[in-house]
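As given in TrEMBL:
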- B:Tyr463: active site, proton donor/acceptor (ACT_SITE)
- B:119-125, B:201-204, B:253-259: FAD binding site (BINDING)
- B:Arg400: substrate binding site (BINDING)
- B:86-269: domain 'FAD-binding PCMH-type' (DOMAIN)
- B:Arg304: site 'Important for enzyme activity' (SITE)
Amino acid sequence: MASKPVYSLHRNPMLKKRDDFEDVLEERRSSSDLRYALRCYTPVLYKGMTPSKASMLKSMVLQSDQLHFVMKQVSTETGKAVDDIQEEASAILEEMAHRLQLSTIRFFAYTLTKVFKNLFRSICVNEEGIQRLQQAIQEHPVVLLPSHRSYMDFLLMSYILYTYDLALPVIAAGMDFMGMKVVGEMLRMSGAFFIRRSFGGDKLYWAVFSEYVKTILKNGFAPLEFFLEGTRSRTAKSLTPKLGLLNIVMDPFFKGEVFDVNLVPVSISYERILEESLYARELLGVPKPKESTSGLFKARKVLSEDYGSIHIYFGQPVSVRSLSQGKIDRCQFNLIPRHIPKKPTEEIQGFVNDSAYRLVRAQEENMVLKPWVLLASLLLQNHHQSQASGQRPGLTRDELTQQAAWLRDLSRQYGAFLHWPDHASPSEVVSSSLSLHRGLVKMSEGRIQLAVEQAGGQVNPGEPRTAVTPEEELLNRAVVILSCASYRNQALHVFLRPALLASALHAASSNHKQEVFNSFSFLRNMFSNEFILCPGATVQDFEEACFLLMKTGELQVTEHEVLVTERGQRTLGFLTNMLDPFLQGYQVVCRFLCEEASEALTEKQFIPDVRKFIIKHLLAGRLRYSEVLSSDLQKNALAALLRLGAVQKMKGAQQGTLKVNKVMVNSLEDTLGGKLPTQKAAVARL
Amino acid sequence: MKWNGWGYSDTRFLFNKKGQAEFTGKRYRLSGLIIPGLKDWMEGTFGASVQHKSQATPILNSSSVQPPNLNEAFVEELKSTGVPYSHDAEDRVFRAHDCHDDVVKIVELACKHNVCLIPYGGGTSVSSALECPPEETRSIVSLDTSQMNRILWIDEKNLTAHVEAGIVGQDLERLLNESGYCTGHEPDSMEFSSLGGWVATRASGMKKNIYGNIEDLVVHMKMVTPRGVIEKSCQGPRMSTGPDIHHFILGSEGTLGVVTEVTMKIRPMPEYQKYGSVVFPNFEQGVACLREIAKQRCAPASVRLMDNEQFKFGHALKPQVSSIFTSFVDGLKKFYITKFKGFDPNRLCVATLLFEGNRDRVLQHEKQVYDIAAKFGGLAAGEDNGQRGYMLTFVIAYLRDLGMDYYVIGESFETSVPWDRVLDMCRNVKARIVHECKERGVQFPPLSTCRVTQTYDAGACVYFYFAFNYRGLSDPVHVYEQVEHAAREEILASGGSLSHHHGVGKLRKAWMRETISNVGMGMLQSVKDYVDPANIFGNRNLL
């Protein structure tokens, strides 16, 4: 329900205070890399730390009460001898454990400097954030939570911490790195520890793993680092946070084993992502190459290009203690020995989930946006509009500059952390952005447009262009579109709430506030697997959206009505268009499930089948957005439908098959398309 | 006795003309001595300065006190019973003179005239249990039991003594000692606290390892309630007659009636006493050692482990050394521990020990304990350090009053906690105090320290001290209360109990329901409703 407006409570996003950046490469370009790699490194440490070696860490884990309890339990369940299980545990630990060595870090410090200087114009860090982190490290165990957009992320993090003489982190990494023998070991020696991707029912593995992490944390050996999003986001949108590790690191606080834990969200933004087209291909279903050392060397071609700059923003440390105050009753652990594993209560699960969303939001808010992000949004919209209307695609340089300036002002008013060089003229800014991303744009007849026509661009000039099927051509075009969309996605979080409101206004049958809110609430609920929308914050999000659009004079919100002003049309049009690919995408997925899905549709088969269906529609011109081919969107749509109960995963004999409630899916599709009022859908959902 | 501070009027700390700390009077081992280290410690720990003084209100001015709210009919009838009373500003006290029967009369009168009664023993409560509830509109009678202070009989065959409940701890021991006996019940407040108060709060004595806590010591007791007198019919050492009614009385905190007479166990006076102390490299090792001692059930009469801050504090209270030799030996000891053994002076901690009993057994026991200590890196640190440690518990309250003269306020509180959580709880509570002081604008880092004072099979009793310099704060008492509240929350969240022996009073009432559950509250409430339906014992403690 929309409660009475409390706009005054919103802080003005324009006033969001952010720190300044310093370029760490600047000094590297003028002084010796070797001396830098060998310099004296004396980080400040956690005040409660008991100094010990990596090997001691292992024995502490193996001797812990927690592990002993689980080993005994497993022994009674399986009938295996405790000694054998102990051996298993020891092997798991061996496979998992890091072997952080300063010498390896020094090696990376040297080589990475060489590479970074080659690839990037600058690596900018907010030094005030570094100072806050330094303070935090001394006081309480620290958990670093960087965003995850590239393989580079964690080496980059360690590199920065080494540069600023901060304690080197121990990093939770996915097991896939282990495939690369040498690199895997190198990473291990630079502080990575490896976790299997799935170990659902393996009690022993879970026990070793959680105890390992907790021991590191409790003893304050080193800051712990992991990625809340669990994996690299291929779309540059933040991913729904994974809760496992966050749960583990909060647990020692809940149980009183540490006074507090500091969580530090870190936002790493790349002006140009190294894996740009790799991601796009992956999303389109060209399977991701298995990580191998030789594959990495082949990627050296990548290393000769210009990737612009990187911005790393160390956010405000978040104290778990203050975060949980009044929300978690820590007395709940008083009656059971703390080493007995207990499933977290609903209260705790809810809290961890809320916190995870808040932390990802904090990452998002401090992501630096480059002008290109705005240009990509504009060019994408232009591309689709011209396609639909049959007009000539592209924008003249003046048009683009003018629109970009408009969008710059808008995004700033919405609180975006935009790095728009104010000393240069807008047209210079546009030119330099375009030149950095020349692979994605082209100039034709004085108009700037997406480089979709030469989509075979990856083909070497020497080779004769082989005849391509329409399907291949479509996929090639989609690579460019998806690459471009990944830049637009970087700005999505800025516009998301107003865009949801704009779409809600578009879909709602009247301007009645309650109706608009219902529509907003429906869309928000539908998209809560797609975007970072904090659970239970519908009313706040609605009010924030209203506030932003009112502030900029695009909307008038009275007690009962929401009205679009004259000047608001342009902005609302832009916002609706921004969300439109997602709306269409979800509708297509629904249509697929209604029309094509057979009884025996399995979860595994869902993506290939839906992709075929979409390709068919795209080729037939029934669908505008090739972006919908993104498997990320398809998966999110399915997740949403599962969450809403419109699709069910079968258990038992038909394990893995999906049961589709066609009536419900149909009504959801109609509601998304604005054919059904939201109220009815809401009923259908229940 | 002081009306506005702890203890005897002749005994206090002060800074003399030379700026050195001095402890006045003749009553304690430290009395009359100069304590050279105290000034530096106070300045170093609190940022307090001898220059900044904030004097206490010297005398109670009767004009500053509200006139008494008297129930004339009650006073008239009381006069006829011959029970002395006073409502002077300094007293405001009625005296239940002489005996149990007087108390019965007073309680009957109070019921008749609907007067609120608050029993008063030694007045050493730290849980606001003796404060008059502000919401009380009836006339309040403070029922002072201090004149009921006789030992009525001693039974040497059963080793019991029948004592009036108003007797103060030190008098009880002294009188029993004259006959060659003791109770062995020695709470830190024993100079002033009374037997009835011990029963009413479930008190604990430092030598409970040998003698037991108050609930183990009581064989029989009598309590006057508005419903009449409650007592058992015999003195059997243990009974299976439903829930033990003594446990309704123990810890009732004056909400049900007045305890008038108690039969308690006595023991022959110990043949031999020996103090001792052990230095540990850190608090963790010390706790591990105490846990092992408890596991082997070989705890001495008393064992207490102080953390590093308290060790330093104890150090600051060393009196001026008279001979060069002693100071030389001290220096040598310090050198041995810190340089030779590699103990970090900022981490090491000290356990004080007291052995009691047959001489041979004491020596054997001592060896056993020191052997265990050695396994945890503990070094024996001499009898003198041990003895001084125990003496400090008696003078520490005087020190609080000195602190108040120099903008430092502080207090102590206690809890009990399972063994596996001792370290976590100590760390968290100490950190919380520091954290809260900072949050609330305290300008200087506070003193936040603890010691483990009792060991049990399944856990320990932990005692915290905290104090801070309140210069620059507009409402230091409020800040103090907030910090104490936060510290208690932290204790509960870390698995500690609401109280080990101070009781709930009014200070900790807010947490009772979560501590004993709704049903538990209901059970206590229904006892109260039956025993005292008109809420004559209206101090509003506990529930």
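Glycine too: its Cβ is placed from the backbone N, Cα and C atoms.
It should be emphasised that the depicted structure is a prediction, and the values quoted were computed from it without experimental measurement.
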Sequence-ordered list of residues in the chain of B:Pro119 (FAD binding site) that lie 6 or more positions away and have a Cβ within less than 8 Å of its Cβ, or none, is B:Leu143, B:Thr145, B:Gly196, B:Ala200, B:Gly254, B:Val258, B:Val259, B:Phe537, B:Asn539
Ranking the binding-site residues B:Gly122, B:Gly254, B:Gly257 by other Cβ atoms within 10 Å, which is at the bottom?
-> B:Gly122
Name the one residue among B:Arg304, B:Arg400, B:Tyr463 whose Cα is closest in three-dimensional space to that of B:Gly257 (FAD binding site); these are the recorded positions.
-> B:Tyr463
Please name which of the recorded positions listed here, B:Arg304, B:Arg400, B:Tyr463, is nearest in space to B:Gly122 (FAD binding site), Cα against Cα.
-> B:Arg400
If you tally other C-beta atoms within 10 angstroms for each of the recorded positions B:Arg304, B:Arg400, the top scorer is B:Arg304
Can you grab the distance from B:Ala203 (FAD binding site) over to the residue listed as 'active site, proton donor/acceptor'? Cα atoms, rounded to a whole Å.
-> 14
Could you tell me the mean pLDDT over the domain 'FAD-binding PCMH-type' (B:86-269), as a whole number?
-> 92
Cα-Cα, B:Arg400 (substrate binding site) versus B:Tyr463 (active site, proton donor/acceptor), nearest Å, comes out at 16
Near the Cβ of B:Ser125 (FAD binding site), how many other Cβ atoms are there if near means within 10 Å?
-> 24
B:Ser125 (FAD binding site) and B:Arg304 (site 'Important for enzyme activity'), Cα-Cα, nearest whole angstrom = 22
Which chain-mates of B:Tyr463 (active site, proton donor/acceptor) that are at least 6 residues away have a CB under 8 A from its CB, listed by sequence?
-> B:Ser412, B:Phe413, B:Glu414, B:Cys450, B:Arg451, B:Val452, B:Thr453
DSSP says B:Arg304 (site 'Important for enzyme activity'), in three-state terms, is strand
